[in-house]
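Worksheet: the structure to be examined is printed underneath.
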Amino acid sequence: MLGSKSIIAVVAIASAIVTGVVVIVVVVTLSVVLTRSSVKDTNSIYVPDVITNDPQMTNEMDTLEVISSSKFSGTKPKEWTMKYTKYPYWRCGLTFTNEEKQNIVNENKEYMNSLLQLINNGSLGRMPEKYGGDKQFEANGVNWEADRLEVRYGLFGRVFGQRAVAWAFPGEIVTIKFPKGMSYKGIQVGIGKCNHNPSDQWLNVNNWSNDRMPIDSIGFDLGLNTTQPYIINDTFKIGSPFGGMIYLRSDTTFTNSFYVTFSNVGRAPIINYNITTNEEWNSVLRNAPGNVAEIRTPGNRLVLTSRNIRSLEDAQYISDFWLKAISISNYAVTLENIPITLNFDQRVDAGAAVAYVGRWFTQNPSDWAAACVGKDGLINYGNWGPLHEMNHHMQGTYLKGGNWGISNPGEETNNVMTSINYILYTNIAGHRNQGLSGWNYVSDGYSTIYKILKGENDQPHLRSYVNMAHAFGTDTLIALVKSYYGLWYENNFESKYSIKRDSTSAFCLLAALVTKRDTRYLCSLFKYDIQSNVSEAIKNMNYPTYYPFFNLYAMSYNGNYYGRPYKIPYGRTRLNFTATTAIDPKATSVSYTIKSGLTKGKLERVEDNVYDYTPFFGIEENDTFVLNIDCVVNGEKVHIEQEGTFELDPHQVEYEVYKDVQTRDMAQALNIIQNKTANDTGRASFFGIGTYNDGSMQSMLVEKGKLIVPKSGYYTLFMKADDLGRLLLNITGEYEQLLDVKTYLGGYSKTLNGSYATVKLEKDVGYPFILYNLNTGGQGFIRIGYCYHGTEESSVDVSKCSVSDIGSSMVLNEKVKTGAKEPEFQIPPIKYSRPTRFLTNAYRTIPKCLNGDDACSIKCLSLPLKHDDSSKCSNMFDDNYSTMYHSRWTGQGTTFPVNYTFEFSENVTFNNLYVHHRRPEDSWGYFEMFVKSPETGEMELLEKYKHPKSTTTELNFQKLVTTDRVQFIVYNNSNGGNYVNVVELSFNIKETFKNYTNSFGPKIKSTGFKKVTTPGASGGYLAVNEKEGEGSLCFKAKVTKFGLYGYRKTTSGKFRVTIDSQPGEVTSQSYFSDSERTLFYAHTFDETEANKVHNICMEVVEGTVNLDIIGSS
C-alpha cells in the first residue's frame, strides 16, 4: 500500500457519482418474546452507550411545519345551489331511483369539472348541510370551529407518488404557493378522499352508494395547458363543495426536495413513520378536524376515513407495524421509490378487494379500515386481507422472471410474504390453545403441517413454503424466495433439468439447496411430483432428510425459535403428546421424552406420552421444557428436539356441571346443588358457557370468574340463555343479583326485564361474578353481552345500544390475584429493515480551483497540448461542468500517448478516482495511473485501465492511497479520435457502512445543536449548531470505521473531529455531490485500534455545520 491510513478531512466537488445504497439486514432474536433466556445473539457483544445500528431509521419522509394559525372567522362559505331535494351522505337511510341517481351523478360531475373556474370567479360553494354536506367521508359532521392554518410542506423529491398534506374545509379555498419559477411538469394537486382521478370512481348507477356523493375527489395536473392558466405568480388555488384531504403528487422528474406553502387548511389525522410521536398524536392530531386520515411509511400509505382512527392511542406502533409489513417484501422481492397506497373505500370492483399492481395502489372495502389501526387485533389476530392486497405488488413483476411459486404464482407470492409477517410480528400463535382458524394457521409449525400429515389437501402450496420458516427460520424462507431469481437463473435450471420455474420439481430442488436438506420426503407428503432427474440430483447432494414433525405445545424446531408460549389454564391440565404432535401416521417406534423442564408444577404420568400437569407458578411466571421426538420413518431413525414455554391463561374461566337437576325453577336448582359434588368441569374463554348438550338430562352449570373492563364508565350488561340464567356480580364487596332470565332467550333484549341492567364500573378492577345456567335438556348455552355508554350517567340510553359479546379480554379466572398482571406481549423489533437510502458515499479530498490557474494550489506539471487558451489546468478542478481542459484537435490533433501530471501542495488520501468527460466519444481510452510513494519518492504504477466509451470514469482502490503527485499516461481516445478532454477530475474517499445511527439518537451527546425540520432527513430533522462556531456532537463507537453524513449547503462551516482526545485537522464541511445527503468525513482505524471503544466528537470551529446520520462498520 502507498501511504498510510489517517483521519481524512473534506473539501467539495461536483455531482455525478452514483448514490450508494447499502442494504442493511438486522437479524434479531425473539428471546424477549419467546421468554427463552438461552436464546442469545452470538454475533454481537453489548457495550453500554456505544452507538449501534438503528433499524427503525429511514430517510424517505416528507415534513410539515405549521407557520401560523388563526381562529375561524365564524362565517361559513355560501351554500351551493343544488338542483334536487335529496342526496346521499353517511348513513342517510334514504333510497334513490335509478333516474335520481343518474341526475345526481350528472350534476356532481358538472360541478366538479368546473371547480377551477368556480374558484377563479369566486363562485365556489359548499354542499348544504340539509343535504348531507357535513356528512361526507363517513363523518357525522365538520368541525368548523377548528383553527385555519398556514403550513410549510417539505417534499422529499427522491420519493414520488401522492402524499396527504392537510384538510380543506367544505367550500373554502386553499391557496398553494410553490417555489418561484419551478417547473410544474410532474406535479399534481388533489382534493377529496382517496382516488384523485374521476376515472377511478364509479359513476355507474348500478354501483351507487347511499353513503356518499358519487364524485368526492378530483385532481389537477399542474403541468397541463388546461391547468396552467390558473397558476398565477406560482400560486394555485383549490377547493371542493365537500372539502377533503389536500394531496400533493410528484413523479420521477424531481430528485431534490422543495417546499410548498398551503394556506387556509386544517390539520388532519396523519401519522408519519418515525416522525409522529404518540404525544403529538394524542394531543394534536388524533382529534384534528380532517375527516380523512393517512398513515404513511417509506414503503406504504394507508388512506382511510378519520372515524376509523379516532380511538387509536399508539400511533407509533401502527406506523411501525405497517413499515415492518412492507419491509419484508422490500427485502425479499423488490424495492421501489413510491409507497404502495392502500385505499379503504366503498368502491371495489373485483372480489372483496383488488390490487392495481401496475398503478401501485390497492382498493379495499371501507369496513376493513378499523382493523388496520387496531393494535390489539393486529397483535392477536393479524389482518390478512389488506396485507394480502399490499403484497400483490411484490409478486416479482419488476424482477427477472416475474412471479414465482407453485401453480398459482401471483397468489403464492403475496401469501408467503404475509405469512412471514404473521410469524415475526404477531402473537397469533400465543392463542393456539384455543385453536387457529382461517389464515392464522401459518403462524404455528404444528398448525401449518397437521392437515398435510392427515392427508388433507388444504392449501398445500402455501403450507409447503411456510413450513420452511418454522423449521429453519424466516431467513431461510426468504432465501428460498430469492433463489427463484438467483440460483434458478445462475445455474440455468430450466435448461439443465427441463423443468419450469413454477413446477413442484423446481420447489423441491430449490428448497433442498437452500435448507441443505433432502426434500424428497417432504415433497412426498405434499404429493408433489418430482421429475426423476431432479430427484436423483437431490439424492446426490447427500443432505440429511428433512422430517417436518411438530408438537403443538412447542415453539422451536431443532434450535430454530419460531413460535410463542403456549397458554394453559389454572388448575390441572392434561398433556397428551401423542394427540398434539403432527407426525407421519406410518412412523414406527414413536416416543416422546421430556428431556428437561416442567419443574414449576406437579407432573404426573397417566400413560405413555400422557401426563397431568398442575402449575404452581403465577400469572407473571412461566415454565419451560425440552421435548425429544424419536421415531422411525422409512427405515431411518428420526430425532427432533423441540422446546416450549407454558404460561397461564388468565382469560380462561372455569365452570362446574351438576347433572340430574330435576327442576325448571332457578331457586330450587340452587338448593339442589348446595350439597352436591360437581359431575364434570369445563372452561370458557368468554363471559358465558358455550354449547352444552346434556341430552335428555337436566343440568345446572355454575361459572365463576372476574369481570374487567377496558374503560371506566357506565355499562349495560345483557344476558341470553337456553334455558334459564342468573348473574351475580360483586361490585360493592357483596354479590348482588344483577340479571335473571326465567325463560329461553335466544338473543339480547333491550326491553325484557331482568335480561339487562346498567352498572358503573372502573377500569382494571376485577369484579367477581357467579353465572348460573339451568339447562332443562338438550343443547344449552348462556352468554353475557355489553354496551358502553361513556363516563356520564346522562349518556345512558339502552335503546341505542349496539350489544357486543363479552370476550376473553374482559374476563379473568377467579384465581388471578388482585393486582397481578398478565405479561404484556413484547412487540418484536424489526428484523428486515428498510435500507437507509439515497446516500452519496463519497467526498472529495482535493481542493477546488475556483479562481484560475494562478490561484490554484494544484499544479499541472505536464499536460497534452491544449486546443486554445480557454483550456486551463484549473478547469479540471473547479466543480464546474461547463469548463474543461481540451487537448488539441485541429491540424493533426493530439499525438498519443499524452501525459497528465498533477502535484498537490500537501499529501492527499483517496480510494476513489472520478473523471468526467464532455461526451462519451471525448473520453480517455487505455491509460495507466502512477502515484508518488511518500516513502521512496518514486513514481509507482497504481492502475492499468481500459476505459470503455462513456462520459464518466470511476475507479475504486482496495486500500487508501496517500500521495502528493499523480500521473496519467493516456494511450488513446476511447472512440479512436485524435483528442481527449477532461471536464472534472476528483480524488475522493468513498466508503459504505453496515450500520447507521440518527444524529439525535439516544446515545449521541449533543451540545449546542438543534433540530431543523428537513425532508428526507432521518426522523425529519437535521442536527444544526445553534450558534456559529459553537457546538459538538459526541458518541462512543466500537467499530473499524465510521463516517459522517450531512446535507449539502451552498455555504458551510468548519469543524474538527477529535478521537480519544486527539484533535484532528480543522476542515470545511463540503461535499462531493449535489445529492442532498452525502458523506463528508470518514475515518478508518488501523488494525491495533479497530473494534476498541473510542470516544469521538465532532466539534464546530467556524460557521454552521449540519449532521444527519453516522455510518459505522
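Positions of Cβ are set from backbone N, Cα and C atoms, glycine also.
Pulled from Swiss-Prot, these are the features on record:
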type	residues	note
TRANSMEM	7-27	transmembrane segment
DOMAIN	159-473	domain 'Peptidase M60'
CARBOHYD	Asn233	N-linked glycosylation site
CARBOHYD	Asn274	N-linked glycosylation site
CARBOHYD	Asn533	N-linked glycosylation site
CARBOHYD	Asn576	N-linked glycosylation site
CARBOHYD	Asn622	N-linked glycosylation site
DOMAIN	648-800	domain 'PA14'
CARBOHYD	Asn675	N-linked glycosylation site
CARBOHYD	Asn679	N-linked glycosylation site
CARBOHYD	Asn753	N-linked glycosylation site
CARBOHYD	Asn880	N-linked glycosylation site
CARBOHYD	Asn907	N-linked glycosylation site
CARBOHYD	Asn972	N-linked glycosylation site
CARBOHYD	Asn995	N-linked glycosylation site
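The structure, with features from Swiss-Prot marked on it.
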residue	record	Cβ contacts under 8 Å, 6 or more apart
Asn274	N-linked glycosylation site	Gln56, Met57, Thr58, Met61, Ser319, Ser1018, Gly1019, Gly1020
Asn533	N-linked glycosylation site	Tyr497, Ser498
Asn576	N-linked glycosylation site	Asn609, Val610
Asn675	N-linked glycosylation site	none
Asn753	N-linked glycosylation site	none
Asn972	N-linked glycosylation site	Phe896, Pro897, Gly925, Tyr926
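When each of the glycosylation sites Asn622, Asn679, Asn880, Asn995 is scored by how many other Cβ atoms sit within 10 Å of its Cβ, Asn679 comes out lowest.
In this structure, the CA atom of Asn995 (N-linked glycosylation site) is 30 Å away from the CA atom of Asn907 (N-linked glycosylation site). Neighbour count (other Cβ atoms within 10 Å of the Cβ, all protein chains): 7 for Asn233 (N-linked glycosylation site). Asn907 (N-linked glycosylation site) is surrounded by 15 other CB atoms, counting those within 10 A of its CB over all protein chains shown. Taken residue by residue with DSSP, Asn679 (N-linked glycosylation site) is part of neither helix nor strand, so it is coil.
In terms of C-alpha distance, the listed glycosylation sites Asn622, Asn679, Asn880, Asn907 place Asn880 closest to Asn233 (N-linked glycosylation site).
Taking the domain 'PA14' (648-800) as a whole, pLDDT averages 93 in the prediction. Taking Asn622, Asn679, Asn880 as the glycosylation sites under consideration, the smallest Cα distance to Asn907 (N-linked glycosylation site) is found for Asn880. Cα-Cα distance from Asn880 (N-linked glycosylation site) to Asn622 (N-linked glycosylation site): 68 Å (rounded to the nearest whole number).
Comparing Asn679 (N-linked glycosylation site) with Asn622 (N-linked glycosylation site), their Cα atoms are 31 Å apart once rounded.
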